[in-house]
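Student: Once you've had a glance at the structure underneath, I'll fire off some questions.
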Amino acid sequence: MKRFISAWNRTSLIKRIAIGVVIGAILGLLIPKITVIGLLGDMFVGGLKAIAPLLVSALVANALSQTREGQQSNMKTVIVLYLFGTFAAALTAVISHYIFPISLKLGAASATKAAAPQGIGEVFKDLMLKMVDNPINALSQANYIGVLVWAVVFGFAMRTASEHTKELLHTLAEVTSQIVRWIINLAPFGILGLVFDTISKNGVGVLADYGVLILVLVGTMTFVALVINPIIAFVMMGKNPFPLVFRCLKDSGITAFFTRSSAANIPVNLQLCEDLGLNPDTYLVSIPLGSTINMAGAAVTINVLTLAAVTTLGIEVDFATAFILSVVSTISACGASGIAGGSLLLVPVACSLFGISNDLAMQVVGVGFIVGVIQDSCETALNSSTDVLFTAVAEKSRWKKS
């Protein structure tokens, strides 16, 4: 047993996760009724979600409390990259619609009872209210906008505190980071449970009826990850971006694919940024912020599903209108939050541009939930890996200039 544990610990985390994926799929096909196996996945995601708000709060406050006047970060560049990357992804989805137009079986889709935003104004209102949420409530409800805002406020306020107080905050950040490392080391078992749960509940053939929609969604997201993002990175860095792109997809995207939550993947991304040697003054803020506003995958989902509904209803859409849709979906995607399935509930906002009733729009959302097993996983992988990619690109572009 000791030899096995020793060999297991020497194996890289990615290989251990791959083993967990294979075992989870096999168990899901052979013994789907042993649902207790899926509890491993629920506990893993629950653990990440539980510690992530505290981690963000502690690390951001600690980082800002240690900064001095004149220190530089790349936050302005990172935010511009986040917004431009999301818009580029939305525009890519529009182009894919013209190349591969698809329609939906709206009558067969089950409507969801979840409440969707009534417009872009409501999305902005929610974001503003999240900023001034009670800090304790923000931590307990994983409101990352609120957590981030209050962490920044406390961090700046503590810049004038005594060194003893700053050291206490630094210790809290270190302890929280260690707990996160322990949880991440359990990823192979957690992902085993997540894969088992997906296969045992849905089987491998449940998505056959929606194969074309899945192909367009996944194909567009793949194009963004392997073509659009590398182009942006190359323009900014002036060198081959693919080693960095593949590193982000491997170390961040794979984990995010199975957790289906950008929020739960924050600890993984923070560790990757540290491994890449990035400036903590930047990434301790940009990563949790990215889990909320950097939503390239969400923009793709919103545009593809909305334009599929438009095609189904026979509504003619010129490119100028589709361009406006890209702007709307970019803004709306910023409110998707880092929660599994969040982008689907913003589809009615985009559908409203074309006069599509809320009832029909919610049927489109129902289709989204049907294909969500794959769509949401790919969307989260793109969103989360891009958080690290653009943070690294912003810093490396500054290195090029200096």
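Placed from the backbone N, Cα and C atoms, the Cβ positions cover glycine too.
Features from Swiss-Prot:
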TRANSMEM  17-37  transmembrane segment
TRANSMEM  44-64  transmembrane segment
TRANSMEM  79-99  transmembrane segment
TRANSMEM  138-158  transmembrane segment
TRANSMEM  179-199  transmembrane segment
TRANSMEM  212-232  transmembrane segment
TRANSMEM  295-315  transmembrane segment
TRANSMEM  336-356  transmembrane segment
Student: When you look at the transmembrane segment (44-64) alongside the transmembrane segment (212-232), do they share 3+ Cβ pairs under 8 Å, ignoring any pair fewer than 6 residues apart in sequence?
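Tutor: Touching, no - the transmembrane segment (212-232) and the transmembrane segment (44-64) miss the threshold of 3 or more Cβ pairs under 8 Å.
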Student: Relative to the transmembrane segment (179-199), which of 17-37, 44-64, 79-99, 138-158, 295-315 accounts for the most Cβ pairs at distances under 8 Å?
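Tutor: The listed stretch sharing the most Cβ pairs with the transmembrane segment (179-199) is 17-37.
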Student: So, taking each listed stretch (17-37, 138-158, 295-315) in turn and counting its Cβ pairs to the transmembrane segment (44-64) that are under 8 angstroms, which one gives the highest count?
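Tutor: Result: 138-158.
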Student: Go through the chain and flag residues at least 6 beyond the ends of the transmembrane segment (295-315) whose CB is under 8 A from any CB in it; none is fine as an answer.
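Tutor: Sequence-distant neighbours of the transmembrane segment (295-315): 85-90, 92-94, 96-97, 101-104, 106, 213, 216-217, 220-221, 224, 229, 322, 325-326, 329-330, 332-334, 336, 342-344, 346-347, 349-351, 353-354, 356, 360-361, 364-365, 367-368, 375, 378-383, 386.
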Student: Near the transmembrane segment (17-37), which residues from the same chain, at least 6 beyond its ends, have a CB less than 8 A from one of its CBs?
Tutor: 187-201, 204, 254-255, 258
